[in-house]
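Residues or ranges marked as zinc finger in TrEMBL: A:57-72. Annotation comment: TrEMBL describes A:80-175 as domain 'Toprim'.
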Number of protein chains: 2
Amino acid sequence: MAYSPLIQELLDALRCLPGVGPRSAQRIALHLLQRDRGGGERLARALEAAMKRVGRCTQCRLPTEETVCELCRNDKREQSVLCVVESPSDVFALEQATDYGGRYFVLLGRLSPLDGIGPADVGLDELERQLAGGEIREVILAVSPTVEGEATARYVADIAAEQGVSCSRIAHGVPVGGELEFVDSGTLSHAFAGRRSFR
Amino acid sequence: MAYSPLIQELLDALRCLPGVGPRSAQRIALHLLQRDRGGGERLARALEAAMKRVGRCTQCRLPTEETVCELCRNDKREQSVLCVVESPSDVFALEQATDYGGRYFVLLGRLSPLDGIGPADVGLDELERQLAGGEIREVILAVSPTVEGEATARYVADIAAEQGVSCSRIAHGVPVGGELEFVDSGTLSHAFAGRRSFR
């Protein structure tokens, strides 16, 4: 006893979604078939168009179907400051939380030589070219404080120094609203070492 | 600052999936774009084919792209027993858990006059026609013990009685392995009233 071929293929294909196992796939497929065929057809069209036509912005590597993304085309933004992030969602998080008005560079990954992910795989060669261009005066590192993030930060700081570009990194410490006793020891030691004068 | 049009349309379309909000949609879209374009394209094709071509089995109402589903075509199954369930996933649950070898009838919903869901909306007219056909000798009710499920069970029992077809209902009670003190009072009173002789 099995589902019909088209339904079985849909169940298998749904497994490509992150976190979707056999039971969720069944729930999603039956929901769409019984209650939302229009939504399912729209999703099929949107998926096909996005998978085939979305590439990367040639300047900042943000996923987009355009050659240069909206953010990089916006000449009201400060062209001399470049914020380096790991993922597109970091760009949106920073845009929502801060009034940063410069440009971005999206690595789409983290430097991880042990996994065979070298500088060119995360666009660090392109970043080096942009820094060599002379227009950028400051690089802001907004990468995660993980092992790979640290390696990436170190690498970017080195190429920035070679090009005479100043380089800063966003602060890591106790989250605002967090209580000390619930903060992990790594964060606490980071925050303690990174203390600043206060009065 | 916004995602490009194709990505935004994908984010909106993903919201038709049950339980997917703005953040999950972003996570799914970026995962597919960065790591699994092939999976995304396969899902697009599977969704389109299933949404356009999957209908219902004309006999048991199970979703299928065929006129009569594999289960109903199988003439090794007992044709005189019909098990009535609410959803296609119930059929698969029963097939896995029991050695039931008869036919099924899938309501695809529950009788709920207050919501405007009458007998014809859940296929009870078709069920009545099949019972009138004379081939079916027993109906097994495997609907949920909810208010709507009770109304559905009552309705099916009535039409079965009219046609002189015997009708039984699967047992409700304390789950196997469950401890009495953690069982809700409705289930416990059901189980108590439905006690059977034992020695």
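Glycine residues also receive a Cβ, built from the backbone N, Cα and C atoms like all the rest.
Automatic, uncurated: that is what TrEMBL annotation is.
On the 0 to 100 pLDDT scale, the zinc finger (A:57-72) averages 93 in this prediction.
According to DSSP, the domain 'Toprim' (A:80-175) comprises 42 helix, 19 strand, 35 coil.
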